[in-house]
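Below: the structure, in structure tokens.
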Amino acid sequence: MGLKKMKGLSYDEAFAMANDPLEGFHEVNLASPTSPDLLGVYESGTQEQTTSPSVIYRPHPSALSSVPIQANALDVSELPTQPVYSSPRRLNCAEISSISFHVTDPAPCSTSGVTAGLTKLTTRKDNYNAEREFLQGATITEACDGSDDIFGLSTDSLSRLRSPSVLEVREKGYERLKEELAKAQRELKLKDEECERLSKVRDQLGQELEELTASLFEEAHKMVREANIKQATAEKQLKEAQGKIDVLQAEVAALKTLVLSSSPTSPTQEPLPGGKTPFKKGHTRNKSTSSAMSGSHQDLSVIQPIVKDCKEADLSLYNEFRLWKDEPTMDRTCPFLDKIYQEDIFPCLTFSKSELASAVLEAVENNTLSIEPVGLQPIRFVKASAVECGGPKKCALTGQSKSCKHRIKLGDSSNYYYISPFCRYRITSVCNFFTYIRYIQQGLVKQQDVDQMFWEVMQLRKEMSLAKLGYFKEEL
């Protein structure tokens, strides 16, 4: 049917004609929802239908019969049933924009010998093209001569009406996605800030942990160092105390020796009262004849002289002592000590074992010599080296077989040397001399003047002289 014939038709006639069954077309449910395929025309011309059709085509029973129908012999009643509307209505633009055409696969029509050859369905693209042509015919547009449309619509206007809706949906979707993206970016930014804050906290805690560890190690090292210093100080004080104890023991022995040696050897006799002198009774042989003749014996009194200890200082030696007293020193090269070394110390400490004697002198000078009694100590505790240098029955300095009641130790050595009482007295006399002059050097002797100090030194020299001559005192 051409468009020119439809130009003069009224609205009712055109609508009735539109309701009549059309030859060669299938039934289309115009009241169905808008087809997704038509909405997809704007987006892609090659997009295929993805939803299942919702329109069921109901062909006439005669169309399904096996008897072939001659061409151009179809009646209106033989066409597929048309959709039934409650009342005729005019489609406006809003309704057209919401119409969805669902096209199913066409059923084969029994036309003159053609139905036997159509065994396969047409593609979705062909169906879409047919549907579009049908739409263009159904809208009854008059594009050729520019006359007004019967329904006041055209394909272009329908597309224009439908396009803003799709664009609006896309814009809304784009805006929603954009908002979600912005929200996700804000959340990501917050997460990044939180991670950065936690990283700073972690770094700060790590730095504080390192500082705390370093301070703890430093404090521990400081405590260990202080403990080591205290231990070393305590050991030093203990060693000094032991040295002082040894010195005090030597001083006690020296004082005991001084007390024993200071007693007078010959007491002074006092004159008898009345001016009488003591006499000793006795008899003498009378050599003269007059004595015999007298017949009497004459008693002769024996008068003993009264003696006392006297002392006089050697001026040269006294002057040397005064010079040494002004600047006391333990250097043996000074004149005062050099004379004492030559006259008293060397002779007193000269023994047959010269090497051991030199070691004893060095220990006495350094104040590192110790003397202890043997007592009742078992022999098994005596070291082999000490036994080799002398045993309880052999003196290590003289090499003679003597009963050794004492033993000496030199410095930090672990060896002990057994000595006889004679050697012990000679060593202690020298030790007493060195102890006293050390006190003078350290300023500990304050209750005596120079003369008293000098005579005390001379008394100690006297003890050394007696010891080197063989005079000694043995403890019982």
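Placed from the backbone N, Cα and C atoms, the Cβ positions cover glycine too.
Now, the feature entries from Swiss-Prot:
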type     : residues : note
MOD_RES  : Ser163   : phosphoserine
MOD_RES  : Ser165   : phosphoserine
COILED   : 165-260  : coiled coil
REGION   : 262-297  : region 'Disordered'
MOD_RES  : Ser263   : phosphoserine
MOD_RES  : Ser266   : phosphoserine
COMPBIAS : 287-297  : compositional bias 'Polar residues'
MOD_RES  : Ser288   : phosphoserine
MOD_RES  : Ser296   : phosphoserine
| Other CB atoms within 10 A, centred on Ser165 (phosphoserine) | 14
| request: May I ask you to report the DSSP-based helix, strand or coil state of Ser165 (phosphoserine)? | output: helix
| field | Whole-number mean of pLDDT values that fall within the coiled coil (165-260) | value | 90
